[in-house]
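Copied from TrEMBL, the annotated features are:
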- Ser149: active site, charge relay system (ACT_SITE)
- Asp193: active site, charge relay system (ACT_SITE)
- His227: active site, charge relay system (ACT_SITE)
Amino acid sequence: MALKQISSNKCFGGLQKVFEHDSVELKCKMKFAIYLPPKAETGKCPALYWLSGLTCTEQNFISKSGYHQAASEHGLVVIAPDTSPRGCNIKGEDESWDFGTGAGFYVNATEEPWKTNYRMYSYVTEELLQLINANFPVDPQRMSIFGHSMGGHGALICALKNPGKYKAYDATHLVKSYSGSQLDILIDQGKDDQFLSDGQLLPDNFIAACTEKKTPVVFRLQEGYDHSYYFIATFITDHIRHHAKYLNA
């Protein structure tokens, strides 16, 4: 599968790149960002996948979160795909900020007219992984996944449906049950997050499910923080470190 490089910028000794390719799963052109740390010049590195939230593209995380220094220090290749198919000309796909373009939810649609293109779950867990493993210096046995908002939930369902594939993950949404390999979950939640106060995130349900299943989880309610990238940038180094302790073990 041919990759077209869109951009390349040196950052903390590594390279932040963006590529475009024709997606078989989504039947459209897709972009993804990938950071190659200095260690990738001499050997294979662990791969850490980031899933962004509603309305985002591959650009939001790489330009706003400030993750590069930690990824460079820990020797992690970080991949950030777009959040949905683009330009599929499906009626209604651009009418709402939380449904359609920029809102793929990392699931496979089951109904027309969406099911042909909106297959983000298969894209993230199969096609993108194969693409990264074939074209970049990553160790396919050392992968992890995390995200924010819609992407936090996406990371959660990807990990839960593929026991053992990802070494660790964090998420900001709901899990009811899990049976599989041991997980160690880190969640940061802004106390002033409007989606929390609106009752859309339900972290108490998540914690209760983890407690019932005896799944290790660290849940940190962060005073004064909201849902924005200012919040993400504040705690991203902690999350990079959380994944690195497993990926570099």
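Glycine too: its Cβ is placed from the backbone N, Cα and C atoms.
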Cβ neighbour count within 10 Å of Ser149 (active site, charge relay system): 22
C-alpha spacing of His227 (active site, charge relay system) relative to Asp193 (active site, charge relay system), in angstrom: 5
Spatial separation of His227 (active site, charge relay system) from Ser149 (active site, charge relay system) - C-alpha basis, Å: 8
Other CB atoms within 10 A, centred on His227 (active site, charge relay system): 19
Neighbouring C-beta atoms (10 Å sphere around the C-beta of Asp193 (active site, charge relay system)): 21
